[in-house]
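What TrEMBL annotates here:
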type	residues	note
DOMAIN	12-623	domain 'Major facilitator superfamily (MFS) profile'
TRANSMEM	78-100	transmembrane segment
TRANSMEM	137-159	transmembrane segment
TRANSMEM	171-191	transmembrane segment
TRANSMEM	230-252	transmembrane segment
TRANSMEM	264-285	transmembrane segment
TRANSMEM	297-319	transmembrane segment
TRANSMEM	325-343	transmembrane segment
TRANSMEM	564-587	transmembrane segment
TRANSMEM	599-619	transmembrane segment
TRANSMEM	691-709	transmembrane segment
TRANSMEM	753-771	transmembrane segment
TRANSMEM	846-865	transmembrane segment
REGION	923-947	region 'Disordered'
COMPBIAS	923-932	compositional bias 'Acidic residues'
COMPBIAS	933-947	compositional bias 'Basic and acidic residues'
């Protein structure tokens, strides 16, 4: 009997996936023949996009009906009904001859699609658990993409043919309608819904309005769940690009690819989406088990952010040349492989975990309803952008072949820009919204598990013949005996209490002083001398920066450390403004025969000497206050050995390794941007405008650093395990689309100073949060106080080495890859201007390569901190507490005396003869109730004894 049930369930899942294949095939038919349908119906891209909008509006309106049918009727029968409906609608499209008829048919098609999708998803969710649910949804996405391949191949390959006078695209619709009917019959005859097994149970009949009222109540309860709200908000943005890409086959044809090549490229993309969905679902299961609170979310963030640079390469960077099929195919395959993880790895599995089993169909129906409404506007929005903003123009009647080709290429460029706008912006929003799940998902999941446990226990108590009998409850694979007379469930919500130290410590903000070897630069000429002088300059910087950072860290605590580092970055940027103004404004002048740039170096050197004298005379290090303590003297080699040991212990910390790896990539763009003033001048901006724009950018960086540091403190207190990390991910990912707009989208025209200034200000404001909000505060928390200078020095050492290659790398890319060429001697003024503009384009591409790729790597590496940072921080706090307690015990006059330690505002007496410290590492143990074990969850935040 058991084997029979298993075979029945397997057959049902196979048939359901077969229905998913045809559903996707039906959806992909029309986009594959947009060009032919547009010619047959005499409509433009906006009209073609509106056909998908009509279908989506009807589809959205019918999701409540789908939820009702799936809840009250056999879901296998509901899937069959949906298949029959969309088959009939597809047949009507095939015989329609006017735009209105096709629009009405597509609307009817939406009814069938709306009925099928929630039933299929809830059947898959009910047939799996949290350890394999992502893989199951990955297979569902893969089979659906097989349908997309079938639909895409049928539509594109048959589009340019005809049979017995019937257009090829109409034949494709007829074939899909016929196969859909066959699949519907198979599902109706052989598929079973386990909830409607007549041998086991019958759902009680209720009056219609009572059922509607119950469904409405259930929907309201689902909508109130914060995690559902966040995923739907993300889905509205995240599904926009998928709908917009329905124009991709048309764009490939406009480039000049043949129908067969377009079919091959689009099929390659769908295959990649299939494999990507399956891989993402499997990875989601693995990470969900290893890191239950953040694994699935981080995977979705990686997927959504990866789409931004890949789409920029595909749509904006690759040449519009039919001979570049391999390059286009490679980028399309990469996009499909990494950008389709969100649904199978994150959204669908999480939906199944945050509601009871009975509400799963409802939550999938509501999700589709909310997401589909706005995402349906993507195709017409792309059409409007292409026509009204980027200059898409239909081919004029009577145009020659060469004119048609030229118009197609221009239209391809217009459509590409519209597509990137509909991909880059939504995916950026999608990534930012996903960050909120780190806060809500664990709570909503635990709340649902608790509710399910209580309901199950109450039901068992009601069904039990004796109140003295024990009930056995299965929780996450562990059998736990709970006595019916008394049951207690304890649920801890992480992060409800913020870490709050009340200390009367002196807070100091050390100004950012940097010694400079500028005077040598001002006096001497020659490349070798300048190189030596810059090397000496590096010695001064290496000595100053770690000392300043460790002084700031020692003078603050975790509640205000980010703000202090923000102020440090702001004061440093004031210096950058002064240096930038002096250098750019004086560059084209001279004084008494001395070049203006040399005078700028002389002035900075003189001011640096004055600042150095003031610091030496009046600044104090609290660790070297003669009135309090003296650091013991040791032999030189002993100190070197101790320093080496300390450095090794710091390097072994996983969080340090991750931040340094991120920093190597993250500091690359900052060094590369040293070419930005030169790029602005090549565009045609005057020296004064360049000085203004660059100063504007530095001011934005200053304000952005201060704002980021303050936000880091706020989020660090509210969400101690993830707040600072998420902020850094938002900052690093924001740079990718902003840099694309600045360097690739804005026109190379000196009259666009306002637009360039606005984008530069936006970049400075949001891309400078990482150091003050995340890196520097975290460094202060993962090592003891005595090692802070060491960790800052090591960080600067590792990061600076590789990041210093950024400027020469930009130069090499510009010259060797993107065609930067010096102005030839004897060129006329117009030739010089033309060469400058071409060089500006070359330098812009090199700069974007040195910004977009490193920031993508930076974002991905930051994700690893969600796993390591809480552990390393808690380990350091435990070590500090132990050392502090041992020191107190040594200093105590009597071993019988109690030591009082202040932890989170409560005084706890611990006897010196026996001290016990319990530390809980989040995620190391899964939820496991055992009646013989006493589980206590103590707050993981421990006070910093550095004060």
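Backbone N, Cα and C define each Cβ position, glycine as well.
Any TrEMBL annotation is an automated prediction that lacks curation.
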So, does the transmembrane segment (325-343) come close enough to the transmembrane segment (264-285) to give 3+ Cβ pairs below 8 Å, pairs being at least 6 apart in sequence?
-> yes
Verify whether three or more Cβ pairs under 8 angstroms connect the transmembrane segment (599-619) with the transmembrane segment (325-343), leaving out any pair fewer than 6 apart in sequence.
-> no
Take the transmembrane segment (846-865) and find every residue of the same chain, 6 or more past its ends, with a Cβ under 8 Å from one of its Cβ atoms.
-> 298, 301-302, 305-306, 308-309, 312, 655, 658-659, 661-662, 665-666, 668-669, 672-673, 675-676, 679, 725, 728-729, 732-733, 735-736, 739-740, 743-744, 767, 770, 774, 778, 806, 809-811, 813-814, 817-818, 820
Would you mind listing the long-range same-chain contacts of the transmembrane segment (297-319), meaning Cβ under 8 Å and 6+ residues beyond its ends?
-> 238, 241, 251, 280, 283-284, 287, 291, 327-328, 331-332, 334-335, 338-342, 345-347, 416-417, 419-420, 423-424, 427-428, 430-431, 434-435, 437-438, 441, 729, 733, 736-737, 740, 744-745, 845, 848, 852-853, 856, 859-860, 863, 866
Where does the mean pLDDT land for the domain 'Major facilitator superfamily (MFS) profile' (12-623)?
-> 75
